[in-house]
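Colleague: I have a structure I would like to understand better, so I am pasting it below and will then ask my questions one at a time.
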Amino acid sequence: MDEFDFNAAPPEFQEIRWMVASIFLISGTGWIVNYVTTIRTALRDRASGVSLLSLCNNLAWETVFAVIHRPPHLIAALVITVWLLVNIYVIYVSVKFGRESQDVSPLLRRHLPAVTLLGFVGFLTGHIALSMHLGPTKALYWGGMICQVTLSASALGLLIQRGHTRGASPAMWYDHIFLFKVLRATS
C-alpha cells in the first residue's frame, strides 16, 4: 500500500502530513464512539439498531485491512485493528439479541450464528476480490464507503421496518452523520 507510505510522499505533502493523520484519527475515534454507543444501546434495549449483514460486511472489511492488507501507517493500522476488535462485540450483541427478538422468524433465529458466519465469509471474499481488482488502497476507500452507506441505510431500513426506535439512539445517528461528513471531506 504505497499510498500509505507517508515518508515517500513529496515535500508538499510532508508539510500537511499531520493534518491527514489527524483527520484519520478523528474519524477512527468517531467510529469507535459509534460502536460503543451501538453496544450500549443494544444492551439497554435488548435489540440491535443495525442490520447484521451490514455488520458482517463491515467486519469483513476491517478483517481485510487489519490482517491481510495492513496499512504501514501506524495510526491507520491501529485504528482499523481497534475497529475490528470492538466490532466483534457489536456483532456478538446483535446475534444475541437477534435470537431473542420476535421480529425474526423462528428458522432464522435458530440459525442466526451460522447465517452471520456465512455472511461474514461471503463479504470477506468480496473485499479480498475488490482488493485484488482495484489494489489495496483503492479497495480500502471504496470498500469503506460501501460499508458506511450500507450501515447507515440498513439502520434506517430497520427503523422503518420495525416502526420503533428500540436498538437505535440519536447519538448513533449523529455519529453516522458526522462520520459521513468527515469521510466525504477526506475523499
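Cβ atoms are placed via backbone N, Cα and C, with glycine included.
Features from TrEMBL:
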- 16-37: transmembrane segment (TRANSMEM)
- 49-68: transmembrane segment (TRANSMEM)
- 74-93: transmembrane segment (TRANSMEM)
- 114-134: transmembrane segment (TRANSMEM)
- 140-160: transmembrane segment (TRANSMEM)
Colleague: Quick check: do the transmembrane segment (114-134) and the transmembrane segment (49-68) share at least 3 Cβ pairs under 8 Å, counting only pairs 6+ apart in sequence?
Modeller: yes
Colleague: With Cβ distances under 8 Å as the criterion, find the stretch in 16-37, 74-93, 140-160 that has the most pairs with the transmembrane segment (49-68).
Modeller: 140-160
